[in-house]
Amino acid sequence: MEPAAAATVQRLPELGREDRASAPAAAAAAAAAAAAAAAALAAAAGGGRSPEPALTPAAPSGGNGSGSGAREEAPGEAPPGPLPGRAGGAGRRRRRGAPQPIAGGAAPVPGAGGGANSLLLRRGRLKRNLSAAAAAASSSSSSSAAAASHSPGAAGLPASCSASASLCTRSLDRKTLLLKHRQTLQLQPSDRDWVRHQLQRGCVHVFDRHMASTYLRPVLCTLDTTAGEVAARLLQLGHKGGGVVKVLGQGPGAAAAREPAEPPPEAGPRLAPPEPRDSEVPPARSAPGAFGGPPRAPPADLPLPVGGPGGWSRRASPAPSDSSPGEPFVGGPVSSPRAPRPVVSDTESFSLSPSAESVSDRLDPYSSGGGSSSSSEELEADAASAPTGVPGQPRRPGHPAQPLPLPQTASSPQPQQKAPRAIDSPGGAVREGSCEEKAAAAVAPGGLQSTPGRSGVTAEKAPPPPPPPTLYVQLHGETTRRLEAEEKPLQIQNDYLFQLGFGELWRVQEEGMDSEIGCLIRFYAGKPHSTGSSERIQLSGMYNVRKGKMQLPVNRWTRRQVILCGTCLIVSSVKDSLTGKMHVLPLIGGKVEEVKKHQHCLAFSSSGPQSQTYYICFDTFTEYLRWLRQVSKVASQRISSVDLSCCSLEHLPANLFYSQDLTHLNLKQNFLRQNPSLPAARGLNELQRFTKLKSLNLSNNHLGDFPLAVCSIPTLAELNVSCNALRSVPAAVGVMHNLQTFLLDGNFLQSLPAELENMKQLSYLGLSFNEFTDIPEVLEKLTAVDKLCMSGNCVETLRLQALRKMPHIKHVDLRLNVIRKLIADEVDFLQHVTQLDLRDNKLGDLDAMIFNNIEVLHCERNQLVTLDICGYFLKALYASSNELVQLDVYPVPNYLSYMDVSRNRLENVPEWVCESRKLEVLDIGHNQICELPARLFCNSSLRKLLAGHNQLARLPERLERTSVEVLDVQHNQLLELPPNLLMKADSLRFLNASANKLESLPPATLSEETNSILQELYLTNNSLTDKCVPLLTGHPHLKILHMAYNRLQSFPASKMAKLEELEEIDLSGNKLKAIPTTIMNCRRMHTVIAHSNCIEVFPEVMQLPEIKCVDLSCNELSEVTLPENLPPKLQELDLTGNPRLVLDHKTLELLNNIRCFKIDQPSTGDASGAPAVWSHGYTEASGVKNKLCVAALSVNNFCDNREALYGVFDGDRNVEVPYLLQCTMSDILAEELQKTKNEEEYMVNTFIVMQRKLGTAGQKLGGAAVLCHIKHDPVDPGGSFTLTSANVGKCQTVLCRNGKPLPLSRSYIMSCEEELKRIKQHKAIITEDGKVNGVTESTRILGYTFLHPSVVPRPHVQSVLLTPQDEFFILGSKGLWDSLSVEEAVEAVRNVPDALAAAKKLCTLAQSYGCHDSISAVVVQLSVTEDSFCCCELSAGGAVPPPSPGIFPPSVNMVIKDRPSDGLGVPSSSSGMASEISSELSTSEMSSEVGSTASDEPPPGALSENSPAYPSEQRCMLHPICLSNSFQRQLSSATFSSAFSDNGLDSDDEEPIEGVFTNGSRVEVEVDIHCSRAKEKEKQQHLLQVPAEASDEGIVISANEDEPGLPRKADFSAVGTIGRRRANGSVAPQERSHNVIEVATDAPLRKPGGYFAAPAQPDPDDQFIIPPELEEEVKEIMKHHQEQQQQQQPPPPPQLQPQLPRHYQLDQLPDYYDTPL
């Protein structure tokens, strides 16, 4: 009978709130059954026989607990507001006294009603009325955590475990969590205006567990509002819906905040911060954040609260939400002696949209790491929470609460009951026991014993009064800290945002009003479930389970609830989840094995002679891996070891002391502190009870003072108290005689006590990242310590005398100090020091001869010019990144095996290097070495020689046999390799000779047989020809071949056939017309890269079985030949940059199945035109394990076609962060541009807001980013373009100006002195590889929020004005700039005309130079001229210039829409797609002679010296000024329609015109644009006075020129336009020559079919050609003709000359441009 009743109770939460209210009889029956079952099971559990379930009866209706979603209405109490998502009638007032079920449990009723069957029969009918929106009010997910104390639990599990089982499952499944409906109270404009009125105000978002469903409630407060005031206010509201809450507090600034504030005059966003008053000083950025500052004493211990005197109780008066709207509420709890009474008021207007899902829910859908959950539904009753009853609601006596036994785990051998809820006198409140921390699976013994009685529960002893309520704060999804009552939440939030990088308080204020901030900083009203639960549920879900042996056919697979709790596996015995008996399988000492016969199946077995086995089959491979990894860790644990790290502990959990035999205890990253107010059972003083403890980890807590209790543990051998803000070490530590490892890193220590000398067994003492200025003298007595670890301190002078007194010290680590010199007081040698680490100091020279036994020396990244070392026992020398010109080692180091002296200024290899007989690795790269000694190659032990980036002109001519396996001689000046190099170096496996001047290769053998084992050959960027290809066949084992950017014209098929083991080939940047078909013999080939060639036929690469990547971009492919089935491993195919390529629908459909398929988008009439001022190309390449961890962003028409945005993002080893940045960052920048126009401000804010947008992905992962924004300022009188670059990490931007690189980015790493100082202040640990906490080298990067505040997202920002001297700029990822210098990158792409080909070249060069990471490169070519700024005046009256250059017209329609009525649209030439109107925008003519093109010769100077210097003015692209030495060919495929032509001719009647292609309805014009560019403005001449030089064909003159004497009418409405627009849309007059290309004042009319009205085309016979011999005479006639025109033009009025000088120039412009070709 009990299971049936329990099953009935379990089904109750599935009903909607309205449905349950309509079935009181059924609910009563279920409640009666539940009560009977609970009594029986509780009696069984009380005997302690087995951990079977004990069900708790429902709470009294008068006081449903903190999780109850339904309640009764008190007399005179206003009904709760309609909550979103409720079923119909959810806001309806219920009659008083109506029984109501509790979420997750049964509703108590006075008497038993009908049976449970009636409810089951109606279940199907009632279920139809449920909707997804009702989840907040009816489903168990909305109140399971809050109703944990009322709902029936499972066997051996507390109620909260039962309630959160489904939550824990959902937290591992994003798709399920994204379907959750969690409402968020939205801020209204009036609320935001109230906050913006004063800088002292703000908003914090609090997850409020007191509401019927957990909401993210906005709380408006001031900087003086305390956490206690906010918590008290939320507690008073309780289950009432309410809206946005105002809590003004009692501070000095609260009085001003209470004054009614008139709304600001502007309704839109503020573009500038308001001027703060004197009292409104922004908080200091260095102020301690939520976790900073000295540790404060927490409140008294968290006792189990009960009602009674001194306890917190509810007022019987109406709650503040019951008062009339707008009426301020002044009040608080009646018995609140500790918390001040806040002045609070509810905002009148608030929104509860049923469909309004929290933004943080969308971006932060699943719980974060560190054991903390981001779900607001997983909140548990806090120990400091107030009474769970509702104000003014009567209590119904009776129904005592029963305790819940807990499952027995390895750390909790004895189950213990929770403290019961106590019910005081009528009208009192119902109290609930607090939950223990995540530390255990049971509660401490000695809890209160409850006795059922008529009037409730009688406590044997009166508990102490509970502490006042307060808030919890969580940073970046990790541990959660309890705020003290006097702490100020808004101040904590502001300090955190200032540390991120926001610079203004008003901007911090705006950011705080965004609910998405929860992934960075989050407040809770009540302790989050995962940090306050008494069990440790790690994984759970519903899976197919089978018990016993797999061979037995009796045991079948059944669907069961499975939970990994602590160190036990819990499996339910019935289908209804946790209602039946729970089977507990201890995993410590057990094993987990994979079951190969079943997919995604694991076998879990316990240890011992009576071990049991459970087979669990998971649904997905992801779940399978998650369970395998987690359970494997649990099974490998020891019983004597406890790990309670990252559990948000403020004191020691009571159940920790069950086992006194612990040997290893890990308590790192909690909030433990020295607090004398804590009782003895909870403080750190109780650590001495562990008499067998050997290892104790207390790092990253808030100790503040050294815990003296640990000194009383005699067996302690390892103690870690790092990062605890310790300022001194007490003398009592001297009694720990057995201590061997003592870690004190990351504190504020300046000295050590002398008593440390008593630690005779101490062998390791960590003193790194403290504040020592010298070596402590006490180390002289610690004779067992052999390593001095003092990195990251403040040592300026190293006194060797101190080391001389420590003969036991062998390893000295003094990196990251500020050592400038070494002082040797005596001549004696320091014979005991064998390893010396002086990296990242400020040494100018180093004489290490005194260390005559030195074996390993680290001195990288100093300022060394000379270095002297004793070589007797030297084994490894690391001296890179200095300024060495001299390196002496004496005597010859016979034991030296590794030597790195790269990135110095050495001009030759020291002679002693050739005599080091055991040298294996020599790195001399990035020096100034001109020659390598021949004896170096004779060293029989040398295996790896890195000599790249030097000035080598040749290698030793005749080499003897050498043992070198890796030879890198890239970036030198080699003209050839030694002829016998490849024959003598029979051990050579790797050769990189890229970036030299090689024209030939040495042979590998002189016969047909070869001994070559060469596997990798890199010859990129040389001058190799086809003659070198046959020599490659001498290397039959070749696997990787890079011969990009050479002079290859063919690759013989017979030679390719012999390279059968080839796996990767790169032949890009040559002149190949085909890839040989014999490539099919290379059956192992997986990568073929051949972009930037002349390949016309698609190679047979699709026949290769292992092919993964094919890059044939920037070729001349016209078709693609594919097999019926694509290769199974093909992942990437790049066919961009093939303009002749045409793919049919079937081929496209087949290729779209490839994971990464790239092809040019077809140009359409409505396609967006590419910029006339800039064009771009980008590429990406996979790195290690074929993972593409980079992404590129390119927006040509950013912000309404007036700007451009480009970006590169690098995730290092993760894929998720770069893609998030790519998809989100442009939208954020567009929003920030609406708030401020300052380049640095909107760029900085964009990066910081992106940190928030990363959500939980950015909590543990990160990525570098660079963003470039091109902006045109219409207000600027110069009309210039501004390029703004912002970067974090190692992604960088470089601008090419006048052929020279101009870096616009900066990498913030440990070599930056200011960054290193900041990192040291935050006491972060920098590992030996230069990474913050071993994670990242960059101190400014997006993501990695768990490293805050050491790592921040504030970028480096730099802005430059673009000039005509700016050619292009490059954006690159880390892999690109690690392989190429900025000078080489600029030089490599400067002569590449196509941006896509330029980006491809950079990527190929980086890969050939040794980069193995993912690479992304974006090349943006610029064409910024004086005429690009569009500052033309539109009328003689001084009209305002157009708002923007409008250089991105995606179509003619948009040009018409955006153009002023009296102005002109600005043209655009397409980069990658054709522009519809580019033929109208040309500023030159096309020759009518057959086969003739525009002359490439620059035009001569002007014929008239008196002509005005028009080019001095800035003009738009439609009104160009041709300067000298500039030629640009622009291919236009403009489409027109001849339907509206009025020339009286049919298309068939016209003679064909060369250069103009037409089919009667389309006209394609090929245009040659001459636009000159002068370096000196005074030498510039106007286009009309610059006729072209005579060509061989002669000069073309229009036959219908206007008569010289006819005056011309100036048209200011269309300045520079040739003729008037006709009704049919044509522009040029009919009598003009067809080679005159005009500019339309208005775009041609568009037909419905999508074509344009074509202008009339004159016949070629209307013009004549002047022979070359008459050119000079014609020039004189033209000159005379033009002079007469200028004389006839009247000058402007005198009064307009000084004010409108540019108008005068515009008046002189002719009506058309006719440049004779």
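Positions of Cβ are set from backbone N, Cα and C atoms, glycine also.
Looking at 136-156, 892-912, 1354-1374, the range annotated in Swiss-Prot as region 'Disordered' turns out to be 136-156.
D1210 is the only one of D1160, D1200, D1210, D1227 that Swiss-Prot places in the Mn(2+) 2 site (with K1374, D1413). In Swiss-Prot, the feature region 'Disordered' is placed on 1-25, out of the ranges 1-25, 226-250, 751-775, 826-850.
Per Swiss-Prot, the annotated phosphoserine among residues S317, S324, S336, S353 corresponds to S317. Residue annotated by Swiss-Prot as phosphoserine (from the set S50, S412): S412. Under 8 Å, Cβ to Cβ, and six or more positions away along its own chain, K1374 (Mn(2+) 2 binding site) finds D1210, D1212, A1264, G1289, K1290, C1291, D1413. Neighbours of the Mn(2+) 2 site: apart from D1210, K1374, D1413, residues of the same chain with C-beta atoms within 8 angstroms of the site's C-beta centroid are G1183, C1189, V1190, D1212, A1264, K1290, C1291, S1373, G1375, L1376, D1378, S1414, I1415.
The stretch with the most CB contacts under 8 Å to the repeat 'LRR 21' (1129-1150), chosen from 715-736, 895-916, 918-939, 941-962, 1084-1105, is 1084-1105. With all protein chains in the displayed structure included, the most crowded Cβ environment within 10 Å among the binding-site residues D1210, D1413 is that of D1210.
The DSSP breakdown of the repeat 'LRR 19' (1084-1105) into helical (H, G, I), extended (E, B) and coil residues amounts to 4 helix, 3 strand, 15 coil. Taken residue by residue, the repeat 'LRR 20' (1106-1127) breaks down under DSSP into 0 helix, 3 strand, 19 coil.
The Cβ of G1211 (Mn(2+) 1 binding site) lies under 8 Å from the Cβ of C1189, V1190, V1217, P1218, L1261, G1262, G1263, each on the same chain and at least six residues away in sequence. With a threshold of 8 Å between CB atoms, the same-chain residues lying at least 6 positions outside the repeat 'LRR 13' (941-962) that come near it are 897, 902, 917-934, 968-978, 980-981, 984-987, 992. Regional average pLDDT for the repeat 'LRR 15' (987-1008) in the model is 91.
Across the repeat 'LRR 12' (918-939), DSSP classifies residues as 4 helix, 3 strand, 15 coil.
Secondary structure of the repeat 'LRR 13' (941-962) per DSSP (helix as H, G, I; strand as E, B; remaining residues coil): 0 helix, 3 strand, 19 coil.
The DSSP breakdown of the repeat 'LRR 21' (1129-1150) into helical (H, G, I), extended (E, B) and coil residues amounts to 6 helix, 3 strand, 13 coil.
Per DSSP, the secondary structure of the repeat 'LRR 4' (715-736) breaks down as 5 helix, 3 strand, 14 coil. Across the repeat 'LRR 10' (873-894), the DSSP tally of helix, strand and coil residues reads 0 helix, 8 strand, 14 coil.
For the recorded site, K1374 (Mn(2+) 2 binding site), the DSSP three-state label reads helix.
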